[in-house]
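> A single structure is presented below for examination.
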Amino acid sequence: MTDPGPIRPASDPAPDPVSKPAPDVPQARRVTPHRRIPSLIWLVPILAAVIGLSLFIKSVTDRGPEITISFLKAEGLEAGKTKIKYKDVDIGNVTSVRLSADKSKALAVVRLNKDASSFAVQGSRFWIVRPRVGAGGVSGLGTLLSGAYLGVDAGKSQEAADEFTGLEVPPPITTDVPGKQFVLQSAELGSLDIGSPIYYRRLPVGQVIGFGLDKTGHGIEVLAFVNAPYDRYVTQDTRFWHASGLQIDLTASGLSVDAQSVASVLAGGIAFQEPPGTQLGEPVAEETEFTLAENQAEAMKNDASAITALTFYNQSLRGLSVGAPVDFRGVVVGEVVSVDIQFDREKKTFVQPVTLRIYPERFFKSAARDSQAILAGMVERGFRAQLRQSSLLTGQLYVAVDFFPKAPAAKLAVADKTVTLPTMPGGLDELQAAVEEIIGKVRKIPFDTIGRNVDKTLVTADKTLTTINTQTLVEINKTLAQARDAIARVDKELTPEARGVLAEARRTLQSASTTLSPDAPLQADVRDTLQELSRTARSLRNVADYLERHPEALLRGKPGEVP
């Protein structure tokens, strides 16, 4: 079979029949090229790029806001490592840490997760969690191994914020803890600190979350947080007091020592309770203000409606200090609020006003609405204020109020909400006035005239004795001699009975002669008596001179004299 040769496509032109190609010349063939399929290896980078792009887009769309937190120092913070946690759940991380423009603070830039955007609002608080030792105990021990992290307390505001000031100390109470916050007014802080416990019937129910000076700068405001459900026991009648340290009382029953707990002894504390016999009222609102008393006894006193009383004294106020008690027959019914001195331009003299705070409820079992009217009636019956000395060693003074029946008539003056209470001179003033009166009377005694008269009397007595010795005794001797002669004559003539009588008379005259002789004991006794009168007059003159120089000796005696 003969080979027909290559098959000619239908599109090729017909060969020329005249010209025949040489048999040894090859014919060109037209070949159509095939399409190549790309290699599968290129799918790997393309797929990686697509996945990376999708992850980038997802990270951009899923990431939350960026916030900046300023701290005094960035101890423990590391960019890219430090997390921010809420209830131990990561909600973001620190992306960078740098100094502020003025180099006074450290700025931590934090990227929050998208689902944590609600933390970027005003009122949120941030702090660094690290090991700390405080009044509430030891905290942050877990960071010893894991490292420091940022803690957060979510704010309740709806307004967004991106700059915050971090807390240097973690807040003792976060906003998610149920309870109420109260403001306690105190004269001093004592041993209280942030984290100090709060007790209700010796049960810990809260803690101190802050403190500072009040608006006047003369007192302390303590922020106390009471956990729920114990906050419902804080009513309008609730009393707060310092429960720090030990309370030692010495009464007729003996010595008693009391303390809320060991923690309150070491770190201080506050206790609250309603007065005995008081019904539990309605709970008060948050931020209600209360007075923080020094101890439980002071807190339980019913001091709801105090009266401000102004008193004036015309004596030295040395020893009277602010806080000194106002005493009514041994019961403290108030305290001294201020001690001042002012110049009265009308009278052109100085006055010394002392302001008192008196609690009328301490006089009566129940609070009286018309306490000023009752006090006015008491003043009309002699109710007065008086300064008294509480200690002879320290010289401290206190104000005593009592009834003085002999006090001059007076009325209670009322100006605004302040009453003016009449006063009485103090006991020392009365004693001083009595001493001055005695000294005045002593000064009026004419000791010089008395001394001169005594001298004259002694001189006259001496002259009289001399006359008796020189003249009278001579006359008496003569008379006795004559009497003896007469008796001798009569003796010869009288009967024996008369002779006995005369003998008795003779003995009597001899006794009289012996008694009146110059060396007789009677003469010596008279001389001794006159000399004693002379010494008495001189001693009286010396006493008068000493009293004039030392009038206080009437009360104290001579120095060095043992009482």
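A Cβ is built for glycine as well, from the same backbone N, Cα and C atoms used for every other residue.
Annotation source TrEMBL lists compositional bias 'Pro residues' at 12-24. Sequence annotations record features per position, and here TrEMBL assigns domain 'Mce/MlaD' to 63-155, 179-241, 310-403. Marked as region 'Disordered' by TrEMBL: 1-30. Here TrEMBL flags 39-57 as transmembrane segment.
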> Looking at the domain 'Mce/MlaD' (63-155) alone, can you tell me the average pLDDT?
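Summing pLDDT over the domain 'Mce/MlaD' (63-155) and dividing by its length gives 86.
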> Can you tell me how the residues of the domain 'Mce/MlaD' (179-241) break down into helix, strand and coil by DSSP?
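Helix, strand, coil within the domain 'Mce/MlaD' (179-241): 4 helix, 35 strand, 24 coil.
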> For the domain 'Mce/MlaD' (63-155), how many residues does DSSP put in helix, in strand and in coil?
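Output for the domain 'Mce/MlaD' (63-155) reads 10 helix, 49 strand, 34 coil.
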> What are the DSSP helix/strand/coil residue counts across the domain 'Mce/MlaD' (310-403)?
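Helix (H, G, I), strand (E, B), coil: 13 helix, 44 strand, 37 coil.
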